[in-house]
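Everything below concerns the one structure shown next.
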Amino acid sequence: MDVIVLQLFNGISVSSILLLIALGLAITFGLMKVINMAHGELIMIGAYSAYVVQNLFTSYMPSSMFNWYFVAAIPVSFIVAFLMGLLLETTLIRFLYGRPLDSLLATWGIGLMLQQLARTIFGAPNVGVTSPSWLNGGVTIMGDVVLPYKRLFIIALVCLCLFAMYVYIYRSHSGRRMRAVMQNREMAACLGISTRRVDAVTFAIGSGIAGIAGCALTLMGPIGPSIGTYYIVDAFMVVVLGGVGKLVGTVFGAFGIGMSNTLFEYWTTASLGKVLVFLCIVAFLQWRPMGLIAMRSRSLD
Amino acid sequence: MLAVQQLEAGYGESVILRNVTLEVKQGEVVCLLGRNGVGKTTLMKSIMGVLKARKGRVTYYGDDLTKRTPGQRAKRGIGYVPQGREIFPQLTVFENLLLGLEASPEKGRVVPESAIAKFPVLPTMYGRRGGDLSGGQQQQLAFARALASQPEVLLLDEPCEGIQPSIVDDIRDVIRSIKSDGKTAILLAEQSLEFVKSVGDYFYILEKGSVAWEGNCESLSDEVIRRYLTV
């Protein structure tokens, strides 16, 4: 029983991390159809922003305040990655809409440049971010199963991001404009929507969420300039498996991969588990190429 | 108020419109006639700015709009009901209507009563997705969406295409009521002569991308129809 609960929790935890790194991509790739290979580097930017905020707190704030640096780091990571995304969109991505191969190559190059930039500023070795003390430890349930606070915190953070994205995309005026532009750019323009601005803001928001993911990843271990490359494949897997263009799909995709990953790893070994998961995804996409949640409507048929 | 002067436009290498000049006066219903492929939709798109003009000008109350984006033209007061309706399929009917407000000058958040009142069926399906509506319902939605910003000129590109006769009658009534309000001029691309004669004031006949004939709708003679419109 303990083992089942623990595996279940691990599965949810892995899923929540996958979901967090994929949420930003669900916007830039899912909604905007930009194959953004620099997504991993935007995660890296978020992680280093958290590192910088930590160092600023150590240098300039009384040590009693240190524990709160992480609360400040989340919005800072968002804003830094948001601005980076805005810069990227206005200088490069805007010229590459509707050209998937070109944007794949160009964003990959941007990714390499950002990695090198991080190496130049922060050095090649990994740096550690000290987690705030209120995230150390965990809750003990059922006698001896320990659920670490850090993992619970990430699950809560994912829920919060998901909720905020849902409200923004499906309930706000600008979200409505965003969906209109992504569904029918020409008609949206004819109704008086500034498609340029919507594109820029949408891409920047996707990037900002990648920044939050990077900030959360600092809780899981040390960070380095190439941290993004570990996650980029998983992020694309989640979005493609879930079905491009739907937020719910991304959630299901993350949980599908996270849960099966944990289970397969428990039954076999770590590397064999990963192989099995990828095999399952390939088989599934052969069966349903549109992913878990496909958009259907009279006018799209 | 809306004038097109010596317009030339096309797609890629091919030139579709050559030297088109026409005018829409306040409160008038101006009809664009012509066989398939003579450039009616292309002309609509160039007036809206979706398609860039190669030569010539589009002016609105004397202001040159030729270099303006479709969004800026919409904000100046041009409403557009495109061919094929172009409803946002994944958005609800109500959201589609609200998007019609984007171009309205006072940034109103309420869809004006006058836009919906003409289509009493719409409020009964606010929660449904636009893409799930039938063609006729989508056409009514596209109409209401364009009227939401209370435009001064309405571009209607074949509004009756593929629509059942009773809704065609509804659309005719809507056009007549817009006309009788006298605030909105209409440029209407249409195939049905009977429809044109029942609502139109003035007509232009396009052939091979140029204006071949123009005149008052009463003067639309059988001889002209035989020459330019019968297949």
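Quick reminder: no glycine exception, Cβ is built from N, Cα and C everywhere.
Taken from TrEMBL, the feature transmembrane segment applies to A:12-35 (among others). Counting residues 6+ beyond its ends, the transmembrane segment (A:12-35) has Cβ neighbours under 8 Å at 42-43, 85, 93, 96-97, 100, 103-104, 107, 151, 154-155, 157-158, 161-162, 165, 178-179, 182, 199, 202-203, 205-213, 216-217, 220, 231, 234-236, 238-239, 242, 244-247, 249-251, 253-255, 257-259, 261-262 in the same chain.
The transmembrane segment feature in TrEMBL is assigned to A:42-60 (among others). With a threshold of 8 Å between CB atoms, the same-chain residues lying at least 6 positions outside the transmembrane segment (A:42-60) that come near it are 21, 24, 66, 68-70, 72-74, 76-78, 80-81, 84-85, 114-115, 118, 121-122, 127, 129-130, 207, 210-215, 217-218, 223, 225-228, 231.
Annotation comment: TrEMBL describes A:66-88 (among others) as transmembrane segment.
If you look at the transmembrane segment (A:152-170), the same-chain residues 6 or more away from its ends with a CB under 8 A from one of its CBs are 12-13, 16-17, 19-20, 23, 27, 74, 135, 138-139, 178-179, 205, 209, 212, 216, 219-220, 247, 251. Per TrEMBL, transmembrane segment is recorded for A:152-170 (among others).
Same-chain residues lying 6 or more positions outside the transmembrane segment (A:201-223) and placing a CB less than 8 Å from one of its CB atoms are 17, 20-21, 23-28, 31-32, 34, 36, 39, 42-51, 70, 73-74, 77-86, 88-89, 93, 126-129, 131, 135, 150, 153-154, 157, 161, 165, 168, 174, 178, 181-182, 231. Marked as transmembrane segment by TrEMBL: A:201-223 (among others).
Annotated transmembrane segment per TrEMBL: A:235-257 (among others), in sequence order.
Per TrEMBL, the feature transmembrane segment maps to A:264-287 (among others). For the transmembrane segment (A:264-287), same-chain residues at least 6 beyond its ends with a Cβ under 8 Å from one of its own Cβ atoms are 7, 237, 240-241, 257.
Beyond the transmembrane segment (A:66-88), the same-chain residues lying 6 or more positions past its ends with a Cβ under 8 Å from any Cβ of the stretch are 28, 38, 42, 45-47, 49-50, 52-54, 56-58, 107, 110, 131-135, 157, 200-201, 203-212, 214-215, 218.
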